[in-house]
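Accompanying notes for the structure given below.
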Amino acid sequence: MVAVIIKGNEVAEKKRAQLTEEVVKLKEQGIVPGLAVILVGEDPASRSYVKGKEKGCEQVGIYSELIEFPETITEERLLAEIDRLNGDDRINGILVQLPLPKHIEEKAIIERISPEKDVDGFHPISVGRMMTGQDTFLPCTPHGIVELVKETNLDISGKHVVVIGRSNIVGKPVGQLFLNENATVTYCHSKTQNMKELTKLADILIVAVGRPKMVTADYLKEGAVVIDVGVNRLETGKLCGDVDFDNVLDVAGYITPVPKGVGPMTITMLLHNTVESAKRAGVVCK
């Protein structure tokens, strides 16, 4: 049995087409979804991510505003800019591209964004609502992962999900989202002593650790759904995930590739959150 490849880029395109239709209908009502992205400094990776977000907005018809600051900006000035955007009715979503310079406290910046415009889903209020199963903006990568698993038509309820990784951005929240779908969730991390025993119990295995090709066939139960969140660059320049793709291909039931797996879904769910925010606000742009 060779695993079915879950092509995240194709799933993302399908969802973006749906978002485009929604945006057209909103514009007919005078509502134009708007996203503001704040970029601090000249980090090439951050700039690349921001370009992807701008391109996504253009594709589905979302108004986007890029606000750039030098790396020397003070925390006070950045907070003031967020305050301005919180009060701007044209803007439904605010995203601050991370990481920030060391002299700026990321926690303070994230918490300054209005929860009603927190389309990244990082604000503690958004996280609390997610934990308690309330309607909120879900963090983009975890949300995208759940949507990819749903593409397999697997009934998540009652399944055993094992998450390798416990970051606040992916590992912790993705486990919570699967718990909200009535799955049984196990977390593995650097201190887990019997990891392979646990991962072999997984109907769905999520790998988000940043270690190239760490997960091999002996980690898997036959037929498992494998979602590879890692993006690592080898010395050859080639990208690879945290899963040894070729090694597990004959054991997994479904698997996401790297690239064109989870990555395209992250920006797509950001666009989804921005459109949802515009719907909630119901603001007419003049």
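Positions of Cβ are set from backbone N, Cα and C atoms, glycine also.
Around Ser190 (NADP(+) binding site), taking its Cβ as the centre, 10 other Cβ atoms fall within 10 Å, counting all chains. Marked as NADP(+) binding site by Swiss-Prot: Gly165, Arg166, Ser167, Ser190, Val231.
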Entry from the binding-site residues list Gly165, Arg166, Ser167, Val231 having the most other CB atoms no farther than 10 A: Gly165
In three-state DSSP terms, the structure that Val231 (NADP(+) binding site) belongs to: coil
Looking only at Gly165, Arg166, Ser167, Ser190, Val231, which the record lists for NADP(+), tell me the maximum pairwise CA distance in angstrom. 18
